[in-house]
Structures are given as structure tokens and as C-alpha cells.
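Take a look at the structure set out below.
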Amino acid sequence: KTISTVLTIKIIWILVYYPVLVLSLFNTTSDAKVFIKRTTGDGVALRRSKRGWMWNQFFLLEEYTGTDYQYVGKLHSDQDKGDGSLKYILSGDGAGSLFLIDENSGDIHATKRLDREEKAYYALRAQAVNKKTGRPVEPESEFIIKIHDINDNEPKFTKEIYTASVPEMSYVGTSVVQVTATDADDPTYGNSARVVYSILQGQPYFSVEPETGIIRTALPNMNRENRENYHVVIQAKDMAGQMGGLSGTTTVNITLTDVNDNPPRFTHNTYQFGVPESTEAGSPVGRIKADDADVGRNAEVDYTIINGDGLDMFDITTDMNTQEGVITVKRPLDYEKKKIYTLKVQAENTHLDPRFLSQGPFKDTATVKITVEDVDEPPNFERASYIMDVKEDAVNGTVIGSVSAEDPDITSSAIRYSIDRHTDLERLFNIHPGNGSIFTLRPLDREEFAWHNISVIATEFSNPKQVSRVPVFIRVLDINDNAPTLATYYETFVCENAKANQRIQTVSAVDADDPTGGHKFFFSLSPEASVNANFTVRDNRDNTAGILTRRSGFSRLERSTYLLPVVISDGDYPMQSSTNTLTVRVCTCDKEGNMQSCNAEAQMLPAGLSTGALVAILLCIIILLIIVVLFAALRRQKKKEPLIISKEDVRDNVVSYNDEGGGEEDTQAFDIGTLRNPEAIEDNKQRRDIIPESLYPSRRTALTRDNADVRDFINQRLQENDTDPAAPPYDSLATYAYEGNGSVAESLSSLESATTEGDQDYNYLSEWGPRFKKLAEMYGGEDSDRDS
């Protein structure tokens, strides 16, 4: 009975999961071949045969775990007589590797374990072929092997960790986030891919919808201030959540976002601060803060002063970084006037949530007391600045005004006044140190400086460090102390053909003074020039005057210029006047009165000789003079015979002086008296062959009066020249214009070394060749000396 039961279960299992076995028995239809005889025009009969075998698809279970090849199904053709004359061929997806066919029996086996999630079906082609001829006996047909799914894949969420947020105090059922899990199994076959969601961790705060995976709030009044973060674990299970199904989980991090459900509250009812009375406007006094359990914009607070006796003296602003109220000084404080101020400050949320207005007012108030601290203040001037007037003719010591300052402290101190000399460098003013009276020290000149800006310093006697300054602007008032003068230099001329009463110039005047009613000038001709005057001055009554001729006809030959003294006076008190000389030149003019020439010497030149011709004549004369000078200079030059005549002109730097005297008697060539009296030579005389600079100190030795020997004098000079460091760096021939028969001075040549005391023999020069022939003749021997 047990064996039959097992066989029954296997048969049912085979019928359910392996229907291919049954289908393979009926997959061929042994339809009889139908022969249709038709006759063509020539009597030939036609024949059509019907297909002999066909099928739709095979089924194969995935994830086979057996050791043998998994049987798929059997192919069979009705042309197969069982004599082994046919063979079956399989082609298509996986043919020959994944699927094998027995060519004789047509049995198909799967060689590998198949996974539906990798490939759900395979399309193959089958054909029956005659073994001998190799021709197909049936047309090629296509069939499909479909892989049956089993539940071998667990659900997987699209994200490993979800992050979501929901406002605090949300209603129950508020949607938070939706999670999604997918199953790789076949959703069209069974429940392998049917997923159901459940919550494993996160109750009772949140819940999840089983079908959709939407997470919702499950508790009311979830307060962020109590708990802000939640970790919820969601499970997804296939097989519709039944036992045996596979499952997967994910974590959802849920954060409660803040809403404005908490009002600001001061931690103290009263705050106290102290501030020195010297604190400047805008400086901070202190900070207060109203705490708010909310965060972000819901915790932003606006501070205002709503009441108190310091509304005009203090102000409060909000520090947006710390949400503190910063109290600042609005106006200068004075301890002597008021010592304590009381403020009522309000803190209110700037962003309100209408849902929570019923929980109470979202604002709070506190009292702030500010105590003003006394400090030693500098003196206060009764004015911010002073303006004083003084006439420019005021005598030294004239008082022009006064300043006043006092100590604002309760213990008032005496004040000492002084002038900052950096603002009065010329020391034009001074101030009385006790009463602040300002007076002049020097004369003033409005025309030089119309305003003087000085600074007065007030210092406390009890504390010299307490000082104050005030600017004093001193205006210098004008008096009529300057005479008017001509406005500019006028180049006035009169034509030779001018008529009487003809205006030749219009003049105006300027005055450095600045009268209140404006300038008023009067012009006239000086009294001494009015007698036999050639010109006259006509006042135009508009601060200008015209210069007119009193006669007609002027001649440059007779007089080329006229000096016209013009008297200009102003109309102020005391009246000031000045005499200004106007130079009038006599010029030749054309018919329209345009000036042509004003040079009197031009009249004396011959007619027809223009200025250009005169310039040309002068240039010719200068050129002729230059030619004559150059010619004379060339004539004075003498040709000099070269010292050495050779094809190769190689020579030392030898200078030839063709001057040979006749001995001591030749006084025209050299003054022997100078040698006899060496002291007559100036000691500081510079050499003519070097730069005349005192590069080296003089090395000459002092001459004694007893040294009358000319030879010793010459040797001494020779030694000085040879040892002179300023001498040229080459041999040079220095001639001492003293040479004669029997002279005690002997040879004066500088070729003689300073270290050699005796005479030098130059006979060897004749042995040096023709190039030194000339030198040998000049210095070569005793015969040469006798002949000379």
C-alpha cells in the first residue's frame, strides 16, 4: 500500500510539473498523406504532401539538483519506421551545449542546471534527416522550451537604507515615505513574486501598509523636543506572506522636523547692566536672550523695547547668529543728568504656526535696568565752533573774541585755554589762559589770507589729560589799503597818420581790496603831463578809460615812444591812487590803421634793401672770414721729416726737437740765467704732458742756495722726471734746450737712466742696422759731439 501511494504521488507530481512527458506522447499527429492528382497541360500529375509532425512547447523545471541529465522530451517523426534510417538534428539556443538530442531516438536532455531568472525560455529548431542521403524527410520546425519557476529569490528593497522626515505633532496616518521591494521570481506563476510588507521595529510610532509599503505615523503629538530620530525596520516577504516564503529587510531613518510649537521664554525676569557715561553712540551695553526649544526659523526671535524711561537713549537689535538681543547706546549719556534707566524688553517669534496659537502667546517680556557710571569727562565748549571778525588794520593786542568751556563733572575743575600752534605756525594770535579771550599778536593782511582757522585747547587743571578742542574761524575784514593799478601790461601804439581825438587804447584797472559795494575807479592824466600833452585820458565811468590823441601826425624819426602817466584812484575811504606809466610807440600803419612797423632804425636803411638781403650779405662776409682763417692756419703748418725712413715704419715714441743751440752763449734758445738761479722756477708748476691734476704729492727736493753747479741741477731734474709716477708710461725724449761745446751740463737726454751716474755710450747703435742709423748719427760718438 505504501508503494502504491508513493507511485500515485509521483505520477501526480509528474503530471503537474512534467507535462512534457505526456505531451511528447501526443505531439505528433499521424495524419495520412493525401495525394492530390492534378493533370497539367502535358498530362503530368502533381503531388502535395502534408506535414507529418508538429508541437508547441516543452516545459522544464529550473534549479534541477539531480546527478543525471534532466530529461526534457522526445522528438518523433511518423517517417521513422524504427529501422535506424533517420537521424534527428537539434539547433537554436543552447543546442549542442545546453541541450543534447539522441539522433537515433530523438530524446532531448538538459546538461546544466537552468535558472529562469537568467533566461525564461529557449527557442530551438528540430529536423529529421535521412542518414544515407542526408536529405530532410520533414521540414524544419521550431519549438520552445519554457523554464518553470520555483521560489528561489527573496525580495530585495531598492535601497539599503531609507531616509525620511515628517513634521512633529503630525496627525495619525500622515504619510512618511514609501518603500519598495522587488522579487526576481515569475510574477505570473504562483505566489513566488507576491510581496507583503510588515514592520519589525518602530511600533507603536509608525505603521506600514502591507500591499503598498507606505509608512505612516501611528501615534499623535509626536514631539521633536522629546525625541527627534527614529529607526524603523521594514520586512518584505514573498509567497503572500505565507510560511515558507522568502523575505528581506530594510532600515528607514525617520526624523521629526521642527514646527513652531514652543514660545520664547526669558531665563530671568530682570537684567542689570552698567555703562560708562563716556560710551559713544552705537556701542553695545549688554546682551539678553529668550530661549526657544524650537530650531531654525521657528526659533528666530525679534527683540523690541516696548516701554521704559530709556526709549530715547537705548536701542535693541537681534543677533541673527545667536538669537540674542543686543542693547546699544542710542544717544550720549550724562551721569550728571540721569544715573539709572529702566527698559521693558519683549521677545517674539517672527514665524508663527496658526495651528499652535491656542497654546499661548509666542512672546515674553523682561525688565532691563541700566546704570550710568561716572567718568572724568573733558571740558565742554559752549559752542561746537566759533566765528570771529577782525579788521586787517587792527593793532597788535586787539581782542577779537573769546571762547568758553566748563568741566561737566560734579567736581568742576578750573579750565586753562591755549592755542594749538600747529594751526597757527606764524603765531598771529594768542589767547588768555584764564578767560579764553583771543587777541592778535601780529599785523594781518586780508589780501594775503582772508581767513585763519585755528584750534583752541581747553585743559582741566585737576587732570591735564582731559582736553577738548574747538575750531575757531577768524575772518579778516577788508580796509581800503591798496591802490588800483592797470589790469595788465598794454602794448599801445599810435599811427603816424593818426587824427586828433582818435582813441588808440582802452585800459582797465584792478584793486586787491574788496569793497562791499564793488570797485569804482577814476582815471585821469597826471597834472605834470597835462602841459603840452600829446595824448589825453577820457574816463568812461565804467571802470575803464580811453587813451586819445590830442593832435594829428606823428613821426618815428622825431620820436619813437611816448610815456603817458595815468592816475587811477578808487572811491573808497580812505581814497587810494597810483600813477601808472603807459608806453605809446609810434608805428607806421596802413590805411585801415593796422600796424606795419614800429622800428625807428628801419627808416635809415637804403630803399629797396630788405632784411633778407642784409642777412645774406652778413652770411657771405662770415664765410669769407672763415676761409681766410683756415688758409692762414694751413700756411703756418710745417712739414716734418720722419725720424725713421723705412718701408716698415716701426719706431719708438721718440719726439724730435730740431732745436740745437750754440752753447751757453746762445741765450735766445735758452735762458742760462734760469739754470744759474733754480729758485726762480715755480715749485708748483705742472707738467704739460700729463693731466693737470694733483694726483700725486710733489717729490721735489728743496734746493739749496749753495748749489750753483748747473750739472748737478740738471741731474737732479732728470732724476725727478724719471722717478715721477705721473710721467707717461713710455720712453720720451725731453729736451732741455741747453747743449753746447764744452758745456758742464753735458747730455740732457732722458734716455739716460736715473740709476746711472756716468755718461752713457751710444756707439752700439751703429751696430743695430740701417734702421737705427739716424740715432747713431745723433748720439753715436765723440766725433758727433765735436762736430756739433
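Heads up, the Cβ atoms here are built off N, Cα and C, so glycines get one too.
Caution: TrEMBL annotation is automatic and unverified by curators.
Record features, source TrEMBL:
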- 7-26: transmembrane segment (TRANSMEM)
- 77-157: domain 'Cadherin' (DOMAIN)
- 158-266: domain 'Cadherin' (DOMAIN)
- 267-381: domain 'Cadherin' (DOMAIN)
- 382-486: domain 'Cadherin' (DOMAIN)
- 486-608: domain 'Cadherin' (DOMAIN)
- 613-634: transmembrane segment (TRANSMEM)
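Helix, strand and coil content of the domain 'Cadherin' (486-608), in residues and according to DSSP, is 8 helix, 55 strand, 60 coil. Counting residues of the domain 'Cadherin' (77-157) by DSSP class, helix then strand then coil, yields 0 helix, 36 strand, 45 coil. Helix, strand and coil counts under DSSP for the domain 'Cadherin' (267-381) come to 10 helix, 57 strand, 48 coil. The domain 'Cadherin' (158-266): residue composition by secondary structure is 3 helix, 48 strand, 58 coil, according to DSSP.
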